[in-house]
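Reading through the structure tokens given below for one structure.
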Amino acid sequence: MESALLLPSLLLVAAYPRGGSPQQEWMQSPPAPSVTSAPFWVRLNPELEAVPPGGSAWLNCSHNCPLPVHSSLRTQLRQGKIVNGSGWVSYQLLDVRAWNSKVRCVVTCAGETREATARITAYKRPRSVILEPPVLVGHKYTLRCYVTHVFPVGFLVVSLRRGGRVIYHESLERFTGSDLANVTLTYVMRAGLNDLWQPLTCHARLNLDGLVVRSSSAPVMLTVLALSPASIALASTSIATLVGILLAVGAVYVRKYLAVQT
């Protein structure tokens, strides 16, 4: 009988060793909470920076790695000062002359490497866009548009508009110079009666892979219509005929008037 009573006690001790109870054992060994770590990221700002040729720029590379990291900026541009803080590094880039430069920030955190990219564009808006008044040469008009101090010329499109409608445009992509340049566009046109007092304008547009820079000239107008020799001869004949008709009609009325008076 005693052995029968001891068996449950032994089983209880085996289930809860060290004299603990079910409630005490749960309090001593709570379940471990699940922890989800944030994904490792790297950012480079601004992602697109525009500067004048020969200018400088600052790019900021930031990350969320809590550990000491190794970071570097990879670019063909000349680097200047470096300023860093907790989770970020700022890099200075000097003498930017290429119209389009790619920059990469590479960060390694706990053996994992990530990178972010940015682009620096060097450009110069035209200092001026000037359309000269039309010049009559022979029986056609010559238009000249001057675009001054612009870069890069290879991404420039110059167009002429009459009354808001494009009558001519030219892309200068064949030019590959790396300096500021002046551009002159010459266009010869005929004009009709409908072109009189229509505003003529010249427009310069830089297309820089997503960045569009526009400039335009003040309007000029056609105030005199150029006529060909045939047109002049026809007009002279028409005028002479009209004058003759008017003189004949006038003579008839004069004779009738004199007859009535007598």
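Placement of Cβ uses the backbone N, Cα and C atoms for every residue, glycine included.
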Among C109, C145, which cysteine is annotated in Swiss-Prot as forming a disulphide with C202? C145
Near N84 (N-linked glycosylation site) (Cα-Cα within 10 Å), the recorded positions in question, chosen from N60, C61, C105, C109, C145, C202, are N60, C61
Between C65 (disulfide bond) and C109 (disulfide bond), what C-alpha distance do you get in Å? 6
Cβ atoms near C105 (disulfide bond) (within 10 Å, other residues, all chains): 25
